[in-house]
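Undergrad: Attaching a single structure in structure tokens format; questions to follow.
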Amino acid sequence: MKKQRLVLAGNGMAGIRCIEEVLKLNRHMFEIVIFGSEPHPNYNRILLSSVLQGEASLDDITLNSKDWYDKHGITLYTGETVIQIDTDQQQVITDRKRTLSYDKLIVATGSSPHILPIPGADKKGVYGFRTIEDCQALMNMAQHFQKAAVIGAGLLGLEAAVGLQHLGMDVSVIHHSAGIMQKQLDQTAARLLQTELEQKGLTFLLEKDTVSISGATKADRIHFKDGSSLKADLIVMAAGVKPNIELAVSAGIKVNRGIIVNDFMQTSEPNIYAVGECAEHNGTVYGLVAPLYEQGKALASHICGVPCEEYQGSAPSAALKIAGIDVWSAGKIQEDERTTSIKIYDEQAGVYKKALFVDDKLAGVILFGDTRDKQRLLDSLLKQRDISIAKKQIIEPETSGPLFESMPSSETICQCNTVTKGAIEDAVHTNSLTTVEEVKHCTKATGSCGGCKPLVEDLLRYMTNSEYTKPASTPSFCSCTDFTEDDIIAELQRRPFTNPAEVMNQLDWKTKNGCSTCVPAIQYYLEMLYPGFVQPEPATEETCILIPQMYGGRTNAEQLRTIANIIEAYSIPDVSITHGQRLKLSGIKPADLPNMKKDLKMPVYTNEHRHALQSIKACTCGQNRSIQQLAAQIERQLEMLPLPAPISISLSCETDCTEAALQDVGAIRTQAGWDIHIGGVRGTHARSGALFCVTENEDSTAGMIKGLIQYYRETAHYLEGVHQWIDRLGIVHIREVLFEEDLRAQLLESLQTDLSLIQNPTVETGAYKKG
């Protein structure tokens, strides 16, 4: 089949991240052609200030070498700009008069420095700070001149100013506002930062409006609205950026400040997408790395036809990249009538912390002088955790040892590149890594904005500590593959697989048909990802079982009479009572099963439902009918729900006559409400489950049990029992999730969506499709 052609206009970080995501999802789908205006492969523009400050070299900031493009069969045209899009013919035209057709086009033209529209702005010696060429020019100018001025005291302006100072120049920073970094810091943090930078030798001219630049052959003086002026041999414009939308405008694509896109980064023109600093989503143009990478994932999934979450916007976070200064902020920073706040200011230690809350949910954070807990606070911000959790994190930050000791392997260290603690640990052990640079090349952590570099350094130090325990290596899932179970799950989420055979083929299984370990596991995970679409499996058993459903363990004469007639009519050889208080009919001929189901006229479970939730054992002592009613209610709501492994649930009175404490999930009715226990084990190695929580009434009990089951479904491995799952995740973590109302509500909503599909199934022959 002929490949579609995917053309990328722009060879920067956002565009190339899209291509990387596309290659992960389906490396054979597109012929990829990339045009880049600059004469370089993709590099990290964010770290140009680090080059200026002497913290990195130009080679260090290269993200994708020419070999990477060649390895993936990508055609790269450097130093060539797309100047026109013919939407009727689906063609792009470049400044070298090259015409190329496309099936899909991604516009990733980025942004340009905002050069103030004032007299003299075009003189020699006035620069933006955006490209490698800009960086090289500034480094060259610093060798010949002494006085520099930076217009703009945002992130880029301050980083450039410190870089020029590192090169030996006297630097003045000019800013139109009363405080520096006003988009990221409040007045207190801005004042503290300014004081620290002044101690390093920078001079600040605040509330200054630049009106002109003068000089004979080159710029040598800046003039202000108040009549004053400043001598400057070198002037850097860092007063913001403007999205490059000219290409879209000329093609008739809808624009505002940026190119307007939807939640999948599609423009108003079919088959044309936009991403990065040129794109505008819901009225916002993002200039930070993490949001652009999040956009790239949504775009790549949509362009490859893979079901994915829509891009919903991002909570911006920013860290100042200046050695020896710890400043970080995220989300909302200015107070208003809707906000409450927690502030900590230790003047002697030079530490300032502020957390803003809206409706008792964390909405924004500023950290100055101590940013150790920024990753946890960012996680709390993204999940909108309530005030009690965030308050503890901001008041009592953990030192690196306990922080990493308690941090799960799944927690993200590098937000830009979605690199987890576990991925870094695995890379360090597998490849004997010892430096941050080696970790970056192996995992991409620290390779984008650089904000996680201190955290990665701390993790490396912690891993050399005597208290560090090396995590056990994860074996491959089975002998058919080298993938671990988590690897397989990640691939299933990433790619549009249609059946187990396709999974095994595309993931290079060593055996053609898999084995009894991997095939049912893949089947289960696909059903979890696409609920309600079940691939029929050939019957392998010589006989079948059938369990009539009796909600809450209760029945009546009519049901029993019907069951008895069925037993006689079909000569059922074996009838028994299950642990879950149900009748089990065994030894049924497969050919008889369809007619038996019709004759029973009641819900049934058969072999194919072996891991579905079948029954909830309820107290039969007669003290309280509400217990049986609650069991029946939950059974009806969760009927046919697929589970990773068989699960036992029991509801009991205060005497625990159903041994609820020994079940996977058990709820015991008390005078105060309900005690919910989880993780019990029956049999020769019996153990009571741990008390998970206490609920007030039947509704809250049902909600907690259903939320718990859904979280188990979403995070447990195939055939992983509840007690094993608890041991792996930790009961504290599970409590944190289920006790938070918003997260529990999300779980219950997901459960209801899954149930609506499961209980109204569509049978596909060999295919899984999302409804």
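Each residue, glycine too, has its Cβ placed from N, Cα and C.
Okay, so Swiss-Prot annotates it like this:
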- 43-79: FAD binding site (BINDING)
- Cys414, Cys416, Cys449, Cys452: [2Fe-2S] cluster binding site (BINDING)
Undergrad: Just counting, how many other CB atoms are there within 10 A of the CB of Leu48 (FAD binding site)?
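TA: A count of 24.
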Undergrad: Do you know offhand how many angstrom separate Tyr43 (FAD binding site) and Cys449 ([2Fe-2S] cluster binding site) by C-alpha?
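TA: A Cα-Cα distance of 12 Å.
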Undergrad: Please identify which of Tyr43, Trp68 has the densest Cβ environment, defined as other Cβ atoms within 10 Å, among these binding-site residues.
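TA: The most densely surrounded of these binding-site residues is Tyr43.
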Undergrad: For the binding-site residues listed here (Thr78, Cys452), tell me which residue's CB has the most neighbouring CB atoms inside 10 Å.
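TA: Ranked by Cβ atoms within 10 Å, first place goes to Cys452.
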Undergrad: Roughly how many Å separate the Cα of Gly73 (FAD binding site) from that of Cys416 ([2Fe-2S] cluster binding site), to the nearest whole number?
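TA: Given the Cα positions, Gly73 (FAD binding site) is 25 Å from Cys416 ([2Fe-2S] cluster binding site).
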Undergrad: If we check Cα distances from Leu48 (FAD binding site), which of the binding-site residues Cys414, Cys416, Cys449, Cys452 wins as closest?
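TA: Closest recorded candidate to Leu48 (FAD binding site) by Cα: Cys449.
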Undergrad: To the nearest whole angstrom, state the Cα distance for the pair Cys416 ([2Fe-2S] cluster binding site) and Gln53 (FAD binding site).
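TA: So the alpha carbons of Cys416 ([2Fe-2S] cluster binding site) and Gln53 (FAD binding site) sit roughly 22 Å from each other.
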Undergrad: What's the CA-CA gap between Leu58 (FAD binding site) and Cys452 ([2Fe-2S] cluster binding site) in angstrom, rounded?
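TA: So the Cα of Cys452 ([2Fe-2S] cluster binding site) lies 20 Å away from that of Leu58 (FAD binding site).
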Undergrad: Measuring Cα to Cα, how many Å separate Gln53 (FAD binding site) from Cys414 ([2Fe-2S] cluster binding site)?
TA: 23
Undergrad: Here the binding-site residues are Leu58, Leu63, Cys414, Cys416, Cys449; which one has the lowest number of other Cβ atoms no more than 10 Å from its Cβ?
TA: Leu58
Undergrad: Work through the binding-site residues one by one (Gln53, Gly73) and point out the residue whose CB has the fewest other CB atoms within 10 angstroms.
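TA: Comparing Cβ neighbours within 10 Å for the binding-site residues Gln53, Gly73, Gly73 has the fewest.
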Undergrad: Going by Cα-Cα distance, pick out whichever of the binding-site residues Leu63, Trp68, Thr78 is nearest to Cys452 ([2Fe-2S] cluster binding site).
TA: Leu63
Undergrad: Spatially speaking, which of the binding-site residues Leu63, Trp68, Thr78 is closest to Cys414 ([2Fe-2S] cluster binding site)? Use C-alpha to C-alpha, please.
TA: Leu63
Undergrad: Nearest by CA distance to Cys449 ([2Fe-2S] cluster binding site): which of the binding-site residues is it, out of Leu63, Trp68, Thr78?
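TA: So, spelling it out, the nearest of the binding-site residues is Leu63.
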Undergrad: Should Trp68 (FAD binding site) be counted as helix, strand, or coil on the basis of DSSP?
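TA: For Trp68 (FAD binding site) - judged by DSSP and reduced to three states - the answer is helix.
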Undergrad: Should Leu48 (FAD binding site) be counted as helix, strand, or coil on the basis of DSSP?
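TA: The three-state answer is helix.
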